[in-house]
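J.: From Swiss-Prot, for reference:
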ACT_SITE  Asn437  active site, proton acceptor
ACT_SITE  Cys439  active site, cysteine radical intermediate
ACT_SITE  Glu441  active site, proton acceptor
BINDING   Lys9, Glu15, Lys16, Ile17, Asn18, Leu19, Asp20, Lys21, Thr55, Lys91  ATP binding site
BINDING   Thr209, Asn437, Glu441, Glu623, Thr624, Ser625  GDP binding site
BINDING   Asp232, Ser233, Leu234, Arg262, Arg269  dTTP binding site
DISULFID  Cys225-Cys462  disulfide bond
DOMAIN    5-95  domain 'ATP-cone'
SITE      Cys225  site 'Important for hydrogen atom transfer'
SITE      Cys462  site 'Important for hydrogen atom transfer'
SITE      Tyr730  site 'Important for electron transfer'
SITE      Tyr731  site 'Important for electron transfer'
SITE      Cys754  site 'Interacts with thioredoxin/glutaredoxin'
SITE      Cys759  site 'Interacts with thioredoxin/glutaredoxin'
Amino acid sequence: MKKNLFVTKRDGRKEKINLDKIHKVLNWASEGLDDVSVSQVELCSRIQFYNNITTINIHETIIKAAADLISQDTPDYQYMAARLAIFHLRKKAYGQFEPPKLYDHVKKMVDLEKYDENLLKNYSYKEFLQMNSFIDHWRDMNFSYAAVKQLEGKYLIQNRVNGKIYESAQFLYILISACLFSQYPKNVRMNYIHRFYNAISTFKISLPTPIMSGVRTPTRQFSSCVLIECGDSLNSINATTSSIVKYVSQRAGIGVNAGQIRALGSPIRNGEAFHTGCIPFYKHFQSAVKSCSQGGVRGGAATIFYPIWHLEVESLLVLKNNRGIEENRVRHIDYAIQINKLMYQRMLSGDQITLFSPSDVPDLYKAFFSDQKKFKKIYLQYEKNKNIRKKTIKALDLFSLMMQERTSTGRIYVQNVDHCNLHSAFNPELSPIRQSNLCLEITLPTKSLNDVHDTDGEIALCTLSAFNLGKIKSLDDFKELSILSVRALDEILDYQNYPVLAAKKSAISRRSLGIGVINFAYYLAKNKVRYSDGSAHNLTHKTFEAMQYYLLEASCELAKEKGACSLFNHTNYYLGKLPIDTYKKYIDDICNEPLHLDWNLLRSKIKKYGLRNSTLSALMPSETSSQISNATNGIEPPRGFISIKVSKDGILRQVVPEYKKLRLQYELLWDIPNNTGYLQLAGIMQKFIDQSISVNTHYDPARFLNNKIPMKQLLYDLLLSYKLGLKTLYYQNTRDGSEDDQNITSKSITEDICESGSCIL
């Protein structure tokens, strides 16, 4: 590099380039890291220097040089690049490396209207000094490079027009804690703030995008999962559409139950007109979902639910594929098919499935969710009733069409409605589960609206977080983490605003939470067990037993302190039923691990005090949160040791945790021979989880004759999922070779559907 080059400082001054300054920063960034070379980063950087380059560009150049060196053999470059990026970020935010004192920072941000003014009203100067003492800014150096770029892109308060950053990560963590516990008694709240800050800033607990980016700002809307049920009237359809727009404008993910909409050709007003069927209204929903685009961000995302016995099912199943024309396709939303035991039995016995318009059989539609015995009885009666419009189709043909479309699009999902109601947190007679959410992990009661202000309707919301299994040293750790998660998320329900009254009614009366996990693949590798061979069964059983037990215990303690949720009597917990009472007993055939905790003691406590929250657990996808925590995604096996994601900031490489130590213990997705082991582990988890799991299936055509996945295999996995008691199936991933080059996932499928980040972590 020529030493007579000049640089332009951040304040506009020019001076000769000082190589020692750069060298000093690089030495600092590499301290304590393995297999990183300062000279190698300098070598890569020098080529790109030019006269009058700005110090900002120099910094960005050396960051990119370090990031480009991230590989399986040299994973610590992800931390070197991250430290350089943190240095740069703080310079942009504060004009210096050292962050300001917390009170000074909050005062300035409130004056700029970036932070909620209630922070200064709720806490004294002395309390800010105390919170400042809790902060460990060096924890910023624990982020990977991909995590820093996610923080910059999604979480940190900024001006999205000019790119100005206003804060760094530790202020985010301490102020989320301060906001959520602001209404706790003054004699205990600082203790909770300190504990919660430590848990989230050390990645033991992961929070979703709406909370991470929104709590501490004047905007108090943190919609996670939104479930909206649509009735069979124009008023209800329009109310559904209006509700979709309100929540999509907040970048929320939407689940829509459109199963009641009558079929094509059904009479309207006693035959005065005939119905146009489902497809025009699905298009209406699609337009609503895609209507809001903020600053060039793509519109929202939704999954539509309908029963497999709907009269239009053959036309609905193909709505997402690339064949057909625009008039008979609705490709920009996803679909979930609702199935129960009788439908599976018809397929296995080689029988027919009879299709109806739900409007002709309203009692059948109701029983489909609330009473399986009654459903079968009514279904058989309607099949014999010659006065009701119907159509029969061979069950195997219908299931094959469904699985064919699931394979070709990857995004035809499955909801087993009987499992959702028989192994549920809710009493199906009072609060049946009639749909799920965008990502198929939430199972909460809903009720259709007649207008957007309808106080009788119910829109379900669920508030999410996750435990990082990689940080669990003992199963007893779940006790403290459950106390903190349950209390913090419960506070959000009262802290946030609600754009639709029916959503507030549901959230406040049911207080449903969905707490899941990240880093399961690392957890298995660390414990030297695998997805595919059954060796992880007992560990998984013990882990998820402890998780659900301590979540319920924490909610029960909170109910003792603050009272049970007002609709606690709508839950199975109210009846004394726990998840261990209602799970699919086939699980006992594949896992003989006994229960280790005192469930009868817990049952008696719940009977005495109730629960503060109707539900506690759900296992969601966790793309973004996993990157922040440098963890593997949810319960999923990694596709490769290093993931490469192409973003607006360039290529982001992230290496699985402890790659060098555990590379022989990790089981990569495409090395797993089939879905059986993964599905069995999900079934063991579902034994304890009181909502559902975003369960994916994966197929490598190269493993099959003529590179074609046999329908027999697809149906086998579908039936196995049902046999294991799984409530829902999410993506079907088919290996096409495009990701084999260093496992590139240029825009992961989860990130693509869940752009809002609301229904995922």
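Yeah, the Cβs are placed from backbone N, Cα and C, and that goes for glycine too.
Owing to the predicted nature of the structure, the values given are computational and were not obtained by experimental measurement.
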J.: Among the recorded sites Tyr730, Tyr731, which residue has its Cβ surrounded by the fewest other Cβ atoms within 10 Å?
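T.: Counting other Cβ atoms within 10 Å of each of the recorded sites Tyr730, Tyr731 gives the minimum at Tyr731.
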J.: Of the recorded positions listed here (Thr55, Thr209, Cys439), which is spatially closest to Arg262 (dTTP binding site) when Cα positions are compared?
T.: Cys439
J.: I'd like to know which of the binding-site residues Asp20, Asp232, Glu623 has the most other Cβ atoms within 10 Å of its Cβ.
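T.: Per the Cβ count within 10 Å, the most buried is Glu623.
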J.: Do you know offhand how many angstrom separate Leu234 (dTTP binding site) and Lys16 (ATP binding site) by C-alpha?
T.: 71
J.: Tell me which of the binding-site residues Lys9, Lys16, Arg262 sits in the most Cβ-dense spot, judged by other Cβ atoms within 10 Å.
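T.: That would be Arg262, with the highest Cβ count within 10 Å.
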J.: Tell me, in order along the sequence, which recorded positions from Lys9, Asn18, Thr209, Cys225, Asp232, Ser233 have their CA within 10 Å of Asn437 (active site, proton acceptor).
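T.: Those close enough are Cys225.
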J.: Nearest to Glu441 (active site, proton acceptor) in three-dimensional space, by Cα, is which of the recorded positions Lys9, Thr209, Cys462?
T.: Cys462
J.: Which numbers of helix, strand and coil residues does DSSP report for the domain 'ATP-cone' (5-95)?
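T.: Result for the domain 'ATP-cone' (5-95), in helix, strand, coil order: 53 helix, 8 strand, 30 coil.
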J.: Do you know which of the binding-site residues Asn18, Thr55, Thr209, Thr624, Ser625 has the most other C-beta atoms within 10 angstroms of its C-beta?
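T.: In terms of Cβ crowding, the pick is Ser625.
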J.: Using C-alpha atoms, which one of the recorded positions Cys225, Ser233, Cys439, Cys462, Thr624 comes nearest to Lys16 (ATP binding site)?
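T.: For Lys16 (ATP binding site), the spatially nearest of the recorded positions is Thr624.
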J.: Roughly how many Å separate the Cα of the residue listed as 'active site, cysteine radical intermediate' from that of Ser233 (dTTP binding site), to the nearest whole number?
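T.: Spelling it out, the Cα of the residue listed as 'active site, cysteine radical intermediate' and the Cα of Ser233 (dTTP binding site) are 27 Å apart.
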J.: Quick one: average pLDDT across the domain 'ATP-cone' (5-95), no decimals.
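T.: On average, pLDDT over the domain 'ATP-cone' (5-95) sits at 91.
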J.: Count the other Cβ atoms sitting within 10 Å of the Cβ of Asn437 (active site, proton acceptor), across every protein chain shown.
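T.: The answer is 35.
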J.: Please state how far apart, in Å and to a whole number, the two most distant Cα atoms are among Thr209, Asn437, Glu441, Glu623, Thr624, Ser625, the recorded GDP-binding residues.
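T.: Max span of the GDP binding residues, Cα based, is 19 Å.
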J.: Cys225, Leu234, Cys439, Cys462: which of these recorded positions has the sparsest Cβ neighbourhood within 10 Å?
T.: Leu234
J.: When the Cα-Cα distance from Thr55 (ATP binding site) is computed for each of the recorded positions Asp232, Cys462, Ser625, which gives the smallest value?
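T.: Of the recorded positions Asp232, Cys462, Ser625, Ser625 has its Cα closest to that of Thr55 (ATP binding site).
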J.: In terms of DSSP three-state secondary structure, what is the assignment for Ser233 (dTTP binding site)?
T.: coil
J.: Out of Asp232, Ser233, Glu623, Ser625, which of these binding-site residues is nearest Tyr731 (site 'Important for electron transfer') by C-alpha distance?
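T.: When the Cα distances are compared, Glu623 comes out closest.
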